[in-house]
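Peer 1: A single structure is presented below for examination.
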Ligand code: GTP
Ligand code: MN
Ligand code: MN
């Protein structure tokens, strides 16, 4: 053991010796003052919350307003995922592909070795074992993260099954993902800590072959809760490719029709395109029921019954706060009434939280996400646009009782969607799995005013996985084609659809009301699966026949309804040219099936 580290809590006796040795090696390198093995108990959680309040990292909210809830304010430079600092360091550059940052693994290891040397001095290193998926499920996978951030431990405790039960699952032959995290802010003896330690230098590094994740310099969730994007998407997409299953940036929901038949749906939309909203949908059509299984990540594998079965590997929701209000997502509002950790939202004068879109009425005075006085005249928003809530899944009133079924739920439909002001119709059904993979591969979202780049410019986000694939993007597509072929052999392939809630009229307004009205589209999807309604061919696939979706009930005029499906051949032809350029970037790995589907799309224009 290191000369400096004193154990506050030792490794449990049942800890696999490989983990104990690995923890010792990381401690040797990072030189923490203390090491604590986390057991995931309620007492441990409360102690860490209390310590974080004492340290100023968390502010306890008014218990009369929001019981057992806390606010964290990050360093203003540490508020989002850092895609430019995220690396897939595969042995061969070609395995990372054209859409990922890559560096030679040996070179990256040298860089990180230097950074992690002594990085935890003056701090506590927490050892955090976790299970992604129900403990003991055949679809679940295990990992251990070490971190010097109590905020990250608390967050991981909400987002995963964390602690002794997960550790007990790891035997001498169990695969587990080692994840190392440091905020990169060692303390000199006697030096005072800051409330949100981090470092200007940031690295989020994945080694797909050895399954390792190394994260330095950030405590923001997407960079630091390594179980989530790092493991459950980037490393998992590599493991899934080798083992024949799918890691997807998708929500999971269960929808039951008035006749009592239930369907399970997986839907992949890019970040900030409505997954959490859709997962917690309250249908506007009477007699229909939607229940939540997951809001961000799905792991899907062919089950013993031949069907595609999916689990939500997470145990909580890390949702975008702004825009979440009673009128858009009442289920989320009820879910976060207590026992929630908020990050970078505004604080009200009576000790509660607020953000843009929470209420129609804007408070006369707030403390903004940076701790400054704020009034409605202030120039910047009170809450950071990427402010978040972190809350356990069981607090969600719409959670399905099967959400943590170890066998997973059988998937009937897969949906892709993006934010598209033009061209893409409200809904279309793929002609077959191969066409559906083409829909996923060519998925794009328009840049909003908030993002860099030209407004309305297309950003390709294939399978909503652009920032989250641990493999060459074209290999990811080929893998989906392979999985579909196996499902098709036994007639078990789910139907694939594409949706777009964001099409706009010439006047710039959304043509479709969205949110609870999206239930009409969801209902149509289930009716297509049941073969109860007809559909007509379009360049995008099969679209609804007149009368199969009651748009008038949703408050949509006939003119707007037609505009939602309008085909502009010149615009589509320009988009097909853009797709050509994008597909060419994939190089020789581009699957023939995708090229075939693209040719077909052109021929249908
Ligand atoms: P990540 O958690 O970052 O992966 O994103 P997400 O896909 O869960 O996004 P989220 O559900 O938080 O959606 C964020 C934005 O989409 C908010 O601005 C919502 O108001 C908006 N949104 C969601 N559903 C709809 C809809 O049906 N119509 C419209 N117009 N906006 C929507
Ligand atoms: Mn996401
Ligand atoms: Mn979300």
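We count from 1, first residue shown onward.
Every residue gets a Cβ built from N, Cα and C, even glycine.
Note that the coordinates shown come from a computational prediction; the quantities given were computed from them, not determined experimentally.
OK, TrEMBL features for this one:
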- 273: active site (ACT_SITE)
- 81, 220, 221, 222, 271, 386, 387, 388: substrate binding site (BINDING)
- 229, 249, 296: Mn(2+) binding site (BINDING)
- 272, 273, 274, 275, 276, 277, 388, 419, 515, 516, 517, 518: GTP binding site (BINDING)
- 21-240: domain 'Phosphoenolpyruvate carboxykinase GTP-utilising N-terminal' (DOMAIN)
- 245-603: domain 'Phosphoenolpyruvate carboxykinase C-terminal P-loop' (DOMAIN)
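A description of the local structural setting of each listed feature is requested, covering burial, neighbours and distances.
Peer 2: When other Cβ atoms within 10 Å of the Cβ of residue 273 (active site) are tallied across all protein chains shown, the result is 21.
For the recorded site, residue 386 (substrate binding site), the DSSP three-state label reads coil.
The secondary structure of residue 249 (Mn(2+) binding site), as reduced to three states from DSSP, is coil rather than helix or strand. All protein chains included, residue 249 (Mn(2+) binding site) registers 25 other Cβ atoms within 10 Å of its own Cβ.
Within 10 Å of the C-beta atom of residue 517 (GTP binding site) sit 19 other C-beta atoms, taking all shown protein chains into account.
Here the domain 'Phosphoenolpyruvate carboxykinase GTP-utilising N-terminal' (21-240) returns a mean pLDDT of 97 for the predicted model.
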Peer 1: Which of these binding-site residues (249, 276, 296, 386, 517) have a C-beta closer than 6 Å to some atom of ligand 3?
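Peer 2: 276, 296, in sequence order.
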Peer 1: Counting Cβ atoms within 10 Å across all protein chains shown, which of the binding-site residues 220, 515 comes out on top?
Peer 2: 220
Peer 1: DSSP three-state call for residue 220 (substrate binding site): helix, strand or coil?
Peer 2: coil
Peer 1: Please check each of the binding-site residues 276, 515, 517 and report the ones with a CB atom less than 6 Å from an atom of ligand 1, ordered along the sequence.
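Peer 2: Near ligand 1, sequence order: 276, 515.
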Peer 1: From the Cα of residue 249 (Mn(2+) binding site) across to the Cα of residue 271 (substrate binding site), what is the distance in angstrom?
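Peer 2: Distance (Cα to Cα, whole Å): 9 Å.
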Peer 1: Using the recorded substrate site (81, 220, 221, 222, 271, 386, 387, 388) as reference, state which further residues of the same chain have their Cβ within 8 Å of the centre of those residues' Cβ atoms, listed in sequence order.
Peer 2: 79, 80, 318, 320, 343
